[in-house]
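See structure below.
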């Protein structure tokens, strides 16, 4: 009996030890977003600058959506996809910038554990959906320019809606996978995120365990996804350029190149910073924060500007929308 009691005590002690270890590993209840390193006296100027960019981003993308919805001449797949892109840009900005503004003005840099999970999921869900959408927009231009006689029968409203829904579904699956794989790790301190929002590379540096597998999966998953989409986009535009060069009319070539140039510019602005960040998951250089600001804050502002300035139909629709 004494031996049985001794074994029972050992068993209870082992269970208590594991429970205490589990509690210690998940002791972090919130994180501190260190944010962008800047002198204290620059807090207010940075707040005002990012506030202006944020307001312009929301209003600019909102104006694009309103214009497409109101003007019946723009009720075509190309502009329907542009609506989705504007909505994604607007929501990406809303997921990141308000917390950054609070850090500049109120020095409020704390974010709850759950809030961090939601922010990381939202950012990768919206970003991945946008990645798929760029590929879909390139395919749409390929059909419109290379197969104009079959375009209306291929890109029907039902197909258009199904493809758009597929981009959102793909983004959801990708983000669920990445988010669950990051936050299955134990976080037991420190809790200072050396970044201005909760993102995968920054969170992996805080995990209380070896993150080699996570870094490898991030590299392979995001790298494969980005590379596949980019190759498909380049392939589409290879066919598009060849088709445009066969157009006899100079105005036709100019219009086709103008539309495609706008899309390619947006794609390059999107892919280059993302590649710089996510294909180097071990990096903690100060330049990473600057690059991240570009694709989370500046790119959503540039997209509506690029599309409206280089697209005659959008400019004409904006003029019709304004006061007469």
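Including glycine, each Cβ sits where the backbone N, Cα and C put it.
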Expected hit for transmembrane segment in TrEMBL across 19-45, 46-72 is 46-72
Rank 118-139, 222-245, 257-278 by Cβ pairs under 8 Å to the transmembrane segment (290-309) and hand me the top one.
-> 257-278
Top stretch by Cβ pairs under 8 Å to the transmembrane segment (118-139) (candidates 46-72, 79-98, 257-278) is 79-98
Across the domain 'G-protein coupled receptors family 1 profile' (60-307), the model's average pLDDT, rounded to a whole number, is 86
